[in-house]
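Presented below is the structure to which this report refers.
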Amino acid sequence: MKVVEVKHPLVRHKVGLMREADISTKRFRELATEVGSLLTYEATADFETETVTIEGWNGPVTIEQLKGKKVTVVPILRAGLGMMDGVLEHLPSARISVVGIYRDEETLQPVPYFEKIVSNVDERIALVVDPMLATGGSMIATIDLLKKRGCTSIKALVLVAAPEGIKALELAHPDIELYTASIDDCLNEQGYILPGLGDAGDKIFGTK
């Protein structure tokens, strides 16, 4: 599995700001969008382009535009919604697929409760977004659903990842790509990433 930790100074700075204990909901949302945007920039670096001729202000001009498979953005509910706008800044025509999965706090296992995936997902590149890759259970379950629908081009974008989650994801889906703003130290006994960001969903939705 290709794992990319984006070490751009802007990314490192913004993730650092997100770690503040008393960060406001407004600021956390803004930063989640901004970092999601920067991760999208990295994750799409290998997208193919084609040369076309258009009518410019002073006559015909040759430009490059994206070609090949179109994109579906797949936020994992609910926290993944906090990164979605950052992806759509670069890919405004992307279709949106939604997967609802929550983590059982006792077993730490993923529990699916909702899915609405575009009908032609097998023809698209899926960008799966979720702020935290902790145990990896929710991401693995989401990718399982996408593959069952025939999707073969999948990239996962997360703000923070734990080594344990990366290992689990690689074992389950070695053919995908993972882009993260930070690989943190470890998980604690409750399955939270250390140093992490806290509960990203609560911070995005103001329910902390």
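In case you wondered, yes, glycine gets a Cβ from its N, Cα and C as well.
Among the candidates R78, R95, R149, the residue that Swiss-Prot annotates alongside R103, D130, P131, M132, L133, A134, T135, G136, G137, S138, D199 as binding 5-phospho-alpha-D-ribose 1-diphosphate is R78. For A200 (uracil binding site), the spatially nearest entry among the binding-site residues R78, M132, S138 is M132, judged by CA separation. Of all residue pairs in R78, R103, D130, P131, M132, L133, A134, T135, G136, G137, S138, D199, the annotated binders of 5-phospho-alpha-D-ribose 1-diphosphate, the farthest apart have Cα atoms separated by 17 Å. Counting neighbouring Cβ atoms within 10 Å of each of the binding-site residues (A134, I193, D199, A200), the lowest count belongs to D199. S138 (5-phospho-alpha-D-ribose 1-diphosphate binding site) falls within a helical segment according to DSSP.
Using a 10 Å Cα-Cα cut-off around I193 (uracil binding site), the binding-site residues R78, M132, A134 reduce to M132, A134.
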